[in-house]
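Scroll down for the structure; my scribbles are underneath it.
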Ligand SMILES: Nc1ncnc2c1ncn2[C@@H]1O[C@H](COP(=O)(O)OP(=O)(O)O)[C@@H](O)[C@H]1O
Ligand SMILES: [Mg+2]
């Protein structure tokens, strides 16, 4: 097989809580390949978000190595990490994290501010991304004028704007009702079909059923890594 | 990141909380306005003084007679100085350009069916040197006219316009009180003097003519003058000249050592300058107080920027997550602070302009002059305050770890 998109070896993360050390990750080995749709599962506090933050270059491992597209992350400077986040990764958060009092369009173009893409291309790109999440008609709406599902779709459009290799989503359906959650999952499946690698954190087994591969964490360790033999189609579920 | 986008981002952020932004700017607004107004008032006062000194004709002394003291009581009679004193000062005191004797009266002048009441001064040509005053048309007095006391007259611009209008006055006969005189010259316009009087409302005749025909001859002092106006060359030591004149006049009037001077010498430029200096010192002090308020305004900016960074920690985290480098965040907040200060400075400048304009309309104080470099300087200074007081909060924002900022509650 070709080189993995993400190659994690003995990744550990330790937090200092006062005088105590909390090992949020206790040595994880993991390979994620281009085009995969991975769900990271586990109970609360098991280290899912910590793992995701390391994969997304938002944080650095205390020990061990993580290589993204062959590049060792611990060797990169803050600016280089910022550039990886900007160019290669799209983030989707549980709480959407949109800028308030800012139009959907301007929320979507936010990552472009930090890219080298000429300003003349911004509008067409943003329109295209909003169209692909089905929000072409809501471009001028502010987050407060959008429903939760719509806000999350704006956030997904924002994650897509720089055409990243991978989308990282931390509990993207956590703040949504079941139906809206299914719609968002359908969108992720559609993006995965178009070739985007997707890593999704969730503690809901029903949501994980839409991924092709399921990882389970417990107490900072990866305890199971299985292929999902029966991938459900979120689009069908939501229509039903 | 491009500057336009940074500016847009800053303005958007400031508009989110308009009231707070305005209140924050208030310190800068008041500071800048106060500094500019103070400096403008100072510049106005200075210009007025310069004008006054200039219209006096540079470095000028007035020498007048003083009351004779007799046994502590003031005698009614004034010791008269005379033309010889003027000649002596001019000849013997080094550094003196000219010493002009001067006699003045006032009365009616009539031309045709027009009459006009004006100042009638007796002088010789030296007066024009001392006053730095030039003939616009015609000529000065000849030596013969001065020594004979001829009935020739040089008129001021105001008198010319009142009596002659568009016609040429040279060679015309002007009735001066009770005699006729021939107009030989017209002076350049000089405008108002220090007290706001029209200096062009005057006519000049040879000193002897005025004495014989108008003021009358005193038996005890046949060549008496009202005062002598003395001008020094530029750059001469005015103190030294004053000492020399004093020495010379005391000697001439035979005043014993320890006796009171029977004359007064006033250095008018110096008097005005001294008064101006007091105003200047006061204005400078006020300008400093105002700059302190500018600094206090800056501290207000820093305070609000710190609050803003804390409030927007999650926004900072998000921006970092989507690719903002620490420097991008630093610039974002720095620009915000500079915009806040710059805008405050701009509004301050506008207020200062308004204030000075209204002040000048109603003639408050000596009038204000806003110099462009002062405006640019205060704008630059408020921008600097933005950088200085905005830097620490911006640095704090840029040093946040992306994940900590994102998770901030
Ligand atoms: N910034 C932090 N400081 C201290 N402890 C932390 C921090 N972030 C996470 N942890 C701890 O690490 C462990 C894993 O956390 P996390 O990855 O957020 O779990 P999950 O997302 O699976 O619920 C938890 O015990 C949590 O308390
Ligand atoms: Mg979590």
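Glycine too: its Cβ is placed from the backbone N, Cα and C atoms.
TrEMBL lists B:21-247 with the feature domain 'MacB-like periplasmic core'. If you average pLDDT over the domain 'MacB-like periplasmic core' (B:21-247) in this model, you get 87.
Sequence annotations record features per position, and here TrEMBL assigns transmembrane segment to B:21-45 (among others). Through the fold, the transmembrane segment (B:21-45) approaches residues 14-15, 276, 279-280, 283-284, 286-287, 289-291, 293-301, 304, 340-341, 343-345, 347-349, 351-352, 355-356, 365-371, 374-375, 378-379, 381-382, 385 of its own chain, all at least 6 residues removed from its boundaries and within a Cβ separation under 8 Å.
Here TrEMBL flags B:285-309 (among others) as transmembrane segment.
Applying DSSP to the domain 'ABC3 transporter permease C-terminal' (B:290-401) sorts its residues as follows: 94 helix, 0 strand, 18 coil. Taken from TrEMBL, the feature domain 'ABC3 transporter permease C-terminal' covers B:290-401.
Marked as transmembrane segment by TrEMBL: B:329-353 (among others). Tertiary proximity for the transmembrane segment (B:329-353) is limited to same-chain residues at least six positions away from its ends with a CB under 8 Å from its CB atoms, namely 1, 3, 6-7, 9-11, 13-14, 21, 24-33, 36-37, 40, 297-298, 301, 304-305, 308-309, 316, 319-320, 370, 375, 378-379, 381-383, 385-387, 389-391, 393-395, 397-398, 400.
What TrEMBL lists as transmembrane segment is B:373-392 (among others). With a cut-off of 8 Å between Cβ atoms, the residues of this chain six or more beyond the transmembrane segment (B:373-392) that come close are 28, 31-32, 35-36, 39-40, 43, 294-295, 297-299, 301-302, 305-306, 333-334, 336-342, 344-346, 348-349.
Packing against the transmembrane segment (B:285-309) from elsewhere in the chain are residues 13, 20, 24, 26-32, 34-35, 37-39, 42, 316, 333, 336-337, 340-341, 344, 381-382, 385-386, 388-390, 392-394, 396-397: each is 6 or more residues past its ends and has a CB under 8 Å from a CB in it.
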